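A.B. asks: Reproduced below are the annotations present in Swiss-Prot:
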type	residues	note
ACT_SITE	D307	active site, proton acceptor
BINDING	K19, G88, R116, Q162, R338, R380	phosphoenolpyruvate binding site
BINDING	K19, S20, R24, S160, Q162, D307, K334	3-phosphoshikimate binding site
Amino acid sequence: MKVLPAKKVEGVLSVPPDKSITHRALILSALAESESTLYNLLRCLDTERTHDILEKLGTRFEGDWEKMKVFPKPFAEPIEPLFCGNSGTTTRLMSGVLASYEMFTVLYGDSSLSRRPMRRVIEPLEMMGARFMARQNNYLPMAIKGNHLSGISYKTPVASAQVKSAVLLAGLRASGRTIVIEPAKSRDHTERMLKNLGVPVEVEGTRVVLEPATFRGFTMKVPGDISSAAFFVVLGAIHPNARITVTDVGLNPTRTGLLEVMKLMGANLEWEITEENLEPIGTVRVETSPNLKGVVVPEHLVPLMIDELPLVALLGVFAEGETVVRNAEELRKKESDRIRVLVENFKRLGVEIEEFKDGFKIVGKQSIKGGSVDPEGDHRMAMLFSIAGLVSEEGVDVKDHECVAVSFPNFYELLERVVIS
């Protein structure tokens, strides 16, 4: 699909519900002691996998994704393997849950997910007492023999909300306390939600301490996804004639790293929290920012914006001076090798960019000429290069653009709403 340059970009929009929070709301409601009501869940390929696995384990769901009632039941061993699709969150979080049930399960995924590392969850969960068998001890398919677990103190090798969440979810049914210590802070939805549900959780910096507990069902409205909003917010800053407002979006401080970096770069941007519902929710406003300055992204912000880091390269094209991202090797272990895909495709569009093992450097100001790109089936890269097309000279042809359905099924629909061509 060819995305042509836009004359003007303007509008007020709300983005789809938060994917990370939807996964966790579904899982926690299935683990609760009584029924829950969930509002505004994101329905996409990834979250459907979590829903379907929980259903196969015995959880009963009623209603639709705008209002869903969840009736938990004790999990029963499934007869067939459980399909995780392309969803790393489903795989890693459900590994933690399933490790704590004395039954046998098998998780498998598509070819992209089957290349993503799982040793990082296998290791701590085996220390707690579960048994795993995986391809090369690291990749899906993966068999889990759950057990009665013991709490552990575990230092994660990388800052990863998925690994932290897997261990904490396993710890809910373990004997004794579970402690997770990260090298840097990662998004905190799991511990924040558990704490709000009355589970004894203490957070001190990068250390999370959890005591085993049960909790009652709950009511929750899922806010808009800041990672989806990010594409529109960046577009608003780099387009020469733009004003965009995003409403009802999640503003959890462990997710606003991109907004912080944009402020450092001098973007015309502001955000405010308007309500709290297990998570802070609010509004982001952005307009054309002609005086962007290059920046070295601070290391402590990298895990708080891992999904948004490639967008920093797009900002860097239109910023004066050097924009540098380092300590982001984790980007190579996403749905695609996002560093390689970013660099190769930017070069196709006439942008000069330098690749590092753990990041990239771009020197602005430059322009995006146009051309064809291949996001390699990665939803976030397809959206990034679609935004690039709107600020290019000749337009950008995005191969396999349908892959955006993984997280943002109505992305192009919303884009059409704000673009004046």
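Backbone N, Cα and C atoms are what each Cβ position is placed from, and that goes for glycine too.
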A.B. asks: Just to be sure I understand: of S20, R24, S160, D307, which recorded positions have a C-alpha no more than 10 angstroms from the C-alpha of G88 (phosphoenolpyruvate binding site)?
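C.D. replies: Passing the 10 Å Cα cut: none.
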A.B. asks: Restricting to the record's 3-phosphoshikimate-binding residues (K19, S20, R24, S160, Q162, D307, K334), give me the longest CA-CA distance in Å as a whole number.
C.D. replies: 19
A.B. asks: Rounded to the nearest angstrom, how far is the Cα of S20 (3-phosphoshikimate binding site) from the Cα of R338 (phosphoenolpyruvate binding site)?
C.D. replies: 19
A.B. asks: What Cα-Cα separation, expressed in whole Å, is found between Q162 (phosphoenolpyruvate binding site) and S20 (3-phosphoshikimate binding site)?
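C.D. replies: Between the alpha carbons of Q162 (phosphoenolpyruvate binding site) and S20 (3-phosphoshikimate binding site) there are 10 Å.
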A.B. asks: Any idea what DSSP makes of K19 (phosphoenolpyruvate binding site), helix, strand or coil?
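C.D. replies: Note: K19 (phosphoenolpyruvate binding site) is helical by DSSP.
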A.B. asks: Could you check which of these recorded positions, S20, R24, S160, D307, K334, sit within 10 Å of R116 (phosphoenolpyruvate binding site), going Cα to Cα?
C.D. replies: K334
A.B. asks: Could you check which of the recorded positions (S20, R24, S160, D307, K334) sits closest to R380 (phosphoenolpyruvate binding site), going Cα to Cα?
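C.D. replies: For R380 (phosphoenolpyruvate binding site), the spatially nearest of the recorded positions is D307.
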A.B. asks: Could you give the Cα-Cα distance between S20 (3-phosphoshikimate binding site) and D307 (active site, proton acceptor), in whole Å?
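C.D. replies: Distance (Cα to Cα, whole Å): 12 Å.
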A.B. asks: Three-state secondary structure of G88 (phosphoenolpyruvate binding site) from DSSP?
C.D. replies: helix
A.B. asks: Quick one: of R24, R380, which of the binding-site residues has the smallest count of other CB atoms within 10 A?
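C.D. replies: R24, out of the binding-site residues R24, R380, has the fewest neighbouring Cβ atoms within 10 Å.
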